[in-house]
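Visitor: Straight from TrEMBL, here's the annotation block:
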TRANSMEM  20-45  transmembrane segment
TRANSMEM  52-73  transmembrane segment
TRANSMEM  79-97  transmembrane segment
TRANSMEM  109-129  transmembrane segment
TRANSMEM  141-160  transmembrane segment
TRANSMEM  172-189  transmembrane segment
TRANSMEM  209-238  transmembrane segment
């Protein structure tokens, strides 16, 4: 537990664990299993309690983000790289808008974005985690990352289980417009401040993006990145449509 309350710059090199190693695979498996179990438990509660939980999840996540930042400030390690500008951090605002804006269209649009964009991005973040090489398993930032991404997956699952959203390929413009609004300013921010939000400046090692960069180069891999993103969106919509047809 010596390194539990340490940020990566204060942890000796080699204390992390490899991507797709036993610790990583177990961590991802436990996270996804607990997320599914919790969703099954919540969906069996009375409707009023389910609605309260849906309201609480994004507020809880906002509190978690603030706590994490306060921790980083306390150890003098908060910096420009910890702003909530990754797609998984922007998920907080998508969930908050979906739950707390009063308009029906907002609930439909942000609910669909949560399911089609935020959820698969969070699953990908777990599979190709970029923090494992820096942190030991018993570290606050490591555990926080799994809990955080688990909640990002839990919320859309609850929406779909409760039939509060009805994803359709006819709504694909919701997701595309969202990306068109969000990605360009973050790309400009990354270029100006040499950050890597959305992984548009350099790819995560041992990920599909690094594989693309190996033959497309940098920034050439961004074309493959865009194509992969659209492909995932279309696959999710196809899955939803197939499920609807086979009911």
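Note that Cβ sites are derived from N, Cα and C of the backbone, with glycine treated the same way.
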Visitor: Hey, which bits of the same chain come close to the transmembrane segment (141-160), Cβ under 8 Å, at least six residues off its ends?
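Guide: The answer is 7-8, 27-28, 30-32, 34-36, 38-39, 42-43, 50, 53-54, 57-58, 60-61, 64, 68, 88, 91, 95, 98, 111, 114-115, 118-119, 121-123, 125-126, 129, 131-132, 135, 167.
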Visitor: So which of 20-45, 79-97, 109-129 has the most C-beta pairs under 8 Å when paired with the transmembrane segment (172-189)?
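Guide: When the Cβ pairs under 8 Å are tallied, 109-129 comes out ahead.
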Visitor: I need to check the long-range neighbours of the transmembrane segment (109-129): which residues 6 or more away from its ends have a CB within less than 8 Å of a CB in the stretch?
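Guide: Same-chain contacts beyond the flanks: 19, 24, 28, 31-32, 87-88, 90-91, 94-95, 97-98, 101, 145-146, 149, 152-153, 155-157, 159-160, 164-165, 167, 171, 174-175, 178-179, 204, 206-208, 232-233, 236-237.
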